[in-house]
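> Mind having a look at this structure? Questions to follow.
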Amino acid sequence: MMIAHPGSEVRVLVRSRPTANFAQELIEYLPDGQTVSVHQRKDSRKGVVNNQLSSWSFRLDGVLHDVSQEEVYGRVGRGVVLGALEGYNGTVMCFGQTGAGKTYTMTGATENYKQRGIIPRALQEVFHEVEQRSDHAFSVHLSFLEIYNETLVDLLASVRGCPGVGPGGMAVVEEAGGGVSVRGLSLHPVHSEEVALNLLFEGEMNRIIGAHALNKNSSRSHCILTVHIESRSRTLSDAKYVTSKLNLVDLAGSERLGKTGSEGQVLKEAMYINKSLSFLEQAILALADRRRDHVPFRQTKLTHALKDSLGGNCNTVLVANIYGEASQIEETLSTLRFASRMKCVQMDPVVNEHTDPVLQVRKLEKEIQLLKQELSIHNTLANRMGMSYDTLSETQVAEIQSQVRRYLEGSLDEINIVSIRQIQEVFAQFKQAVQQQEQKVKAQLCQNYTLVEKAQSTAGSTAAKSQGSQGTVGVVEGHGFGVGLAVPSDRHIRLLSPGRTKAIKTKELASQGRKEAVEGRSPGPGKQVESVNPVQRDREGREHDPQNQEPQGPQEPLRTDSPPPKAEAFEDFKAERGSEINRILKENKVVLLERRARLRELTECVNTAKREIDSTSTALHQWRDKRQSQGQFVSAEGVPVLDEAELSLTLRLRELKTQYRQQYEELRGTKAEVSYCQHLVDQCRTRLLTEFESWYNESFLLPEEVQAMLRSGGPIRPGLVPVYKALALEEDEQDHFERLRYELVADSPSAISFYNAQNRTVQRRNYSKAMSQTPVQKTTPRGSGRSKLPAILSVI
Ligand code: ADP
Ligand code: MG
């Protein structure tokens, strides 16, 4: 088989028309069967006869001289035809002067079976192969195009049932994959060689035959018969199929104008022919030159129509037909030159493989069916009967919805996993529940606040921010917790309380001048880091605002398109919307501080009492030890009695212990109160900050995704701490808490539960570290069971 290998060149063979006057002295076929030498007398036409010869040698792929039509087909056509049946595009093209035998080579003598040409033999071979290759289903179509004076003609338009040319006329159109097709050219399904031959003859009949000086029957047009082949495997139920185009091209004569002596219509024909052939040559030259990435295919209809049939993804064979008489030597030379140029064109044929979407779907459906059966077998083996893998029904979806709802409410402990579809539906229902919740919250917010469009309030927010910036100068970088809020300028809605709107308007006026001064100096969006200075507290818990201090550092460039600083906004919030909760917070703090002071007092009292108990107890023991060594002191009745000193010590100790117990009881109560107050203060503060956060976000134009992130507790931006978290860990507070913390000895049973409870609270508050650092002061009281008392409580 002569299928081109990737990267090989176009095959070119020379065929000479037999003639009695073969110019043996001018045309020489070398014995290698591939080389043609042409000798030309210099200037013979200019009358200078000097018998000097110029010689040219052309090395091609084969010389067909005195060769039968059958052999020509074997050497020229067969490989291309078989390649087309495999899915490779193929082109057989005859080139040469009129009368050189192109039509004879392509079509042959129609009246003589033995002399039939490449086209009928190719058609025969195609159908022969189609019959042989029963494992493939082929579909074959024919089209027959003539290009006459740059006009496209459908040579099979006369065939019965032909749809006819559409409104746009015929045109060469480029296809998606780089190929070309002719719009409006009829495609005829062909099931047998006979039908195909009928179409060929019909087309031949329709050819426009021009009168010509050299050959009356010679065609003055280019003809392209295309066999469209599509094949699908019958054995593999594959969605893949291959297609190919087999172009059989009979070009118009290549002789030059001057020679024909044509005039009128014939001259015009010759001009067109020359034009198209010279563009064909240009296209061939461009194709042969690998450095050129543009090939001028579109210059004529011929080259455009042959765009995907000359080299490239195509097996191309060219037959250069020559008329070997001495008078035709110049045409012969020009034909051979064209042939050798064509030989340089590279081919890279590949099988045109496609996937049929309909078949692909069918194939996948079959596979799904099979896998379902497979699954049902597995389920049977695993004792899981009655499983369905179809799309969930409405009832099933409703059941899942109810499960999810019950799960969220807490009345259902778990949702059993049944199938992938069910899991997906469970997730979908969760999503729906979350979305509904979100909408509910949003609706509530909209009800509670006045909705103001960004457009109306831009000036206000800008001004408010400018004003705020003035206050935060020097604080921006040095202190504070960076809370970055990159706010895109579009898609903003502001939620403002009526009071807030008023406040902003006042500030707007106040900061007008400043705003103008800073405009145009702001960094790009997304780079802004808005700083919030924490509200600082002194030891007594009084708040003082560092923003009221004098500016210290260099001034930070101010932005005109961002929300006001949080510290400032926080103050506003406390004064307005958060005033009630802030008042409660303050009240709670006062109570807390008072209770803490009492706790400190009591702790000192208890410790003093404990120390006295210890010293009294020691004195008593010492006295007893001393007296024991002196003998037992007894009354007149012989009953042991206490002496006066011992009695007074014992009474004092009892008194101290009672006092201690009372004070200790009070201390326990106070401690519980402190703990409770602390809890209340924490709660109030958290609420104040949380409400502030959401108010701030809603008021100052956060895009939805950032708000969503805040809601979920995620970081706004890596490295930045949300303000409420930051504020909740004020250092002063932490110190304070640490200072007041004390430990109870483990040997007091009542202290253990208190200790545990306190410990849990402390852990919850994330102060466990501080806890472990506190020194534990232990004094084990001497003496027996009854007088067991807690050790001294540490007061720092
Ligand atoms: P073209 O199509 O190139 O103009 P044709 O194929 O019409 O030329 O050939 C011109 C004449 O020469 C025709 O009558 C044809 O039968 C004859 N002819 C061409 N080549 C051969 C050949 N190899 N053997 C026999 N006759 C040939
Ligand atoms: Mg011809």
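Using N, Cα and C of the backbone, Cβ positions are placed for all residues, glycine too.
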> Please find, within the list 457-478, 765-786, the residue stretch that TrEMBL describes as region 'Disordered'.
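Based on what TrEMBL states, region 'Disordered' spans 765-786.
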> Looking only at Cβ atoms, how many others are within 10 Å of the one on THR103 (ATP binding site)?
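Result for THR103 (ATP binding site): 25 other Cβ atoms within 10 Å.
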> With H, G and I counted as helix, E and B as strand and the rest as coil, say where DSSP puts ALA100 (ATP binding site).
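For ALA100 (ATP binding site) - judged by DSSP and reduced to three states - the answer is coil.
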> Cβ neighbours within 10 Å, counted over all protein chains: which one of the binding-site residues GLY96, GLY99, GLY101 has the most?
GLY96
> Applying a 10 Å Cβ distance cut-off over all chains shown, what neighbour count does LYS102 (ATP binding site) have?
29
> Any same-chain residues 6+ apart from ALA100 (ATP binding site) with CB under 8 Å of its CB? Would you list them in sequence order, or say none?
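In sequence order, ARG17, GLY253, ASN321, ILE322, TYR323, GLN328, GLU331, THR335 meet the Cβ cut-off.
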> From GLY96, GLN97, THR98, GLY99, THR103, which binding-site residues have a C-beta atom under 6 Å away from some atom of ligand 2?
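Checking each Cβ against ligand 2, the ones under 6 Å are THR103.
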> Would you count the other C-beta atoms found within 10 angstroms of the C-beta of GLN97 (ATP binding site) for me?
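Total other Cβ atoms inside 10 Å, all chains included: 26.
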